[in-house]
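Listed in TrEMBL:
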BINDING   Cys63, Cys66, His67  heme c 1 binding site
BINDING   Cys209, Cys212, His213  heme c 2 binding site
BINDING   Cys336, Cys339, His340  heme c 3 binding site
DOMAIN    49-152  domain 'Cytochrome c'
DOMAIN    194-301  domain 'Cytochrome c'
DOMAIN    323-409  domain 'Cytochrome c'
TRANSMEM  7-31  transmembrane segment
Amino acid sequence: MHVSRRALVRAISGVSVLAVVGLAAAVWFVYEPEIAPIARPDKASFDEAVVKRGEQLATVGDCIVCHTADGGKPFAGSRPLPTPFGTLYSGNITPDEATGIGHWSETAFDRAMKQGVARDGSNLYPALPYEHFTHVTDDDLHAVYAFLMTREAVSLTAPANKLIPGLGFRPLLAGWKLLFLHETSVQPDPSQNAEWNRGKYLVEGLAHCGGCHTPRNVAGGEELGSEFEGGVAEGWVAPALTARNPSASTWTQASLFNYLKTGSDENHSAAAGPMAAVTEGLSRLNDPDVKAISVYIAYKMHEGEPSVISDPSTIDNATQAANENSVGAHLFQGACAGCHGIGAPMADQARASLSTVTDLKLNDPTNAAMAILQGVSAPSGKGPYMPPFAGNLTDKEIVELLAYVRSRFTASPAWTKLESSVTSARREAQAQ
Ligand code: HEC
Ligand code: HEC
Ligand code: HEC
């Protein structure tokens, strides 16, 4: 095809005009003004009852989990958060004026929580889960603000983020938000009761359960239409909280309440990995709100159908599994049976049998490998715990153990690609 030089020039200048207009539009969209600093509000100006309510809401939002470094002061930030795009450091959200949010007006705070924009106008990374916090009511945000502004002020500046090249440029985030941030409020469902709707409001908003349990696309946005179908968090798999959850015994509203409030359930094992911090927070939340969350999640898991309660699984193919894999059986006897074997004392302490553990039923062996490498801390600091085995077992031994526990405690097909899963789980565990 022949293209005249004039036509080519016209086409190119057309494209550049479009590019200039596009750039101008982008700059206009990206630009967020600074919100003027205020004098730090007097603690006494906040109503005590509101502060108390804010404390409970901040607990639901896990603010303390992400905004406290290991061994650091609460809410002072600097906790490293590994993401597929590099490491981010959380900010200082104590009311320190120089390094925290002491100078932030409530308007500035609300904008950060709902639109992911800092007081100075720069865009924030969605590691602060504003995709969910955007659904929180102004009244509730007011209470969280009151709670934070009445904490101890701590002077601490977070280290610079370590992101893959290019992504450190914050204006890019405006484009991300255009695609993935939906600033809507949670619509109550009039066909459901108040408790269910309270659960929905908390789960979709402050509790941001979907932040881990919903799969994300390559750009790190939550996939629309796949809500709660299972995601990843800090090297662990966050299992589906829908009918696709593979648990061997049914999750009921009561077992969910128990798991969320205490960190373990007799028929479902303990919350390990990043879920442990979530349940630690929920253990401090009032019972009616934890119950509301469990009502809503139970509904999601059974798609509104009344759940058919299956008995807790009691699969234990000990003999057959040992015949198939004597190396794994031997390792299990030495390292695990004292706690997970038949008649082990732990069974009398309301601890689940490995036959009920979702980790062994998932198609992906990652969580079981992570549990062996990192251990499982005692839920709420009480009762038996599992020590980390990263320093005691080689990758080869963990592969044998995983093959063995899968065949002994489940009726699911053998895991494939065990070697590579264990290698990458160890890499993740070491990076933390
Ligand atoms: C999953 C981890 C996570 C949770 C949960 C979380 N944050 Fe953050 N937050 C971050 C990270 C990371 C940043 C820094 C983002 C950046 O640098 O762009 C941040 C930034 C902020 C900022 C901006 C601070 C500044 O100096 O710019 C505020 C305000 C904030 N968070 C408040 C909260 C509150 C309130 C809660 C609880 C309701 C909360 N965050 C829960 C990770 C989290
Ligand atoms: C920071 C990421 C993260 C957040 C936020 C989170 N979860 Fe989880 N969740 C996980 C991971 C990872 C697991 C797997 C834990 C394990 O294997 O022990 C898990 C496990 C669970 C399980 C057990 C599933 C099973 O079959 O064993 C339930 C139920 C659950 N989460 C509910 C919730 C609810 C409800 C919320 C919101 C209140 C929530 N999660 C928020 C990461 C998260
Ligand atoms: C000192 C006791 C102890 C030993 C030894 C031990 N575990 Fe555990 N394990 C636990 C406890 C406690 C839990 C949490 C169970 C609960 O609270 O319901 C657990 C949970 C698990 C889970 C489920 C993790 C989750 O996310 O829910 C797996 C898988 C597991 N253990 C495998 C093993 C294997 C394999 C070995 C041997 C290498 C082993 N354990 C050794 C105490 C132990």
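Including glycine, each Cβ sits where the backbone N, Cα and C put it.
Across the fold, the C-alpha of His340 (heme c 3 binding site) and the C-alpha of His213 (heme c 2 binding site) stand 28 Å from each other.
A gap of 15 Å separates the Cα atoms of Cys63 (heme c 1 binding site) and Cys212 (heme c 2 binding site).
Taking only the Cα positions, the spacing between Cys339 (heme c 3 binding site) and His213 (heme c 2 binding site) is 29 angstrom. Among the binding-site residues Cys63, Cys212, Cys336, the ones whose Cβ sits under 6 Å from an atom of ligand 2 are, in sequence order, Cys212. His67 (heme c 1 binding site) is 21 Å away from His213 (heme c 2 binding site) when you measure Cα to Cα. Over all protein chains present, the Cβ of His67 (heme c 1 binding site) has 24 other Cβ atoms lying within 10 Å. Comparing the Cα of Cys212 (heme c 2 binding site) with the Cα of every entry in Cys66, His67, Cys336, these being the binding-site residues, the smallest distance points to Cys66. A count of other CB atoms within 10 A of each Cβ picks out His213 as the most crowded of the binding-site residues His213, His340. Within 8 Å of the centroid defined by the CB atoms of Cys63, Cys66, His67, the record's heme c 1 site, lie the Cβ atoms of Gly61, Asp62, Ile64, Val65, Thr68, Phe75, Gly77, Arg79, Ser90, Ile93, excluding the listed residues themselves.
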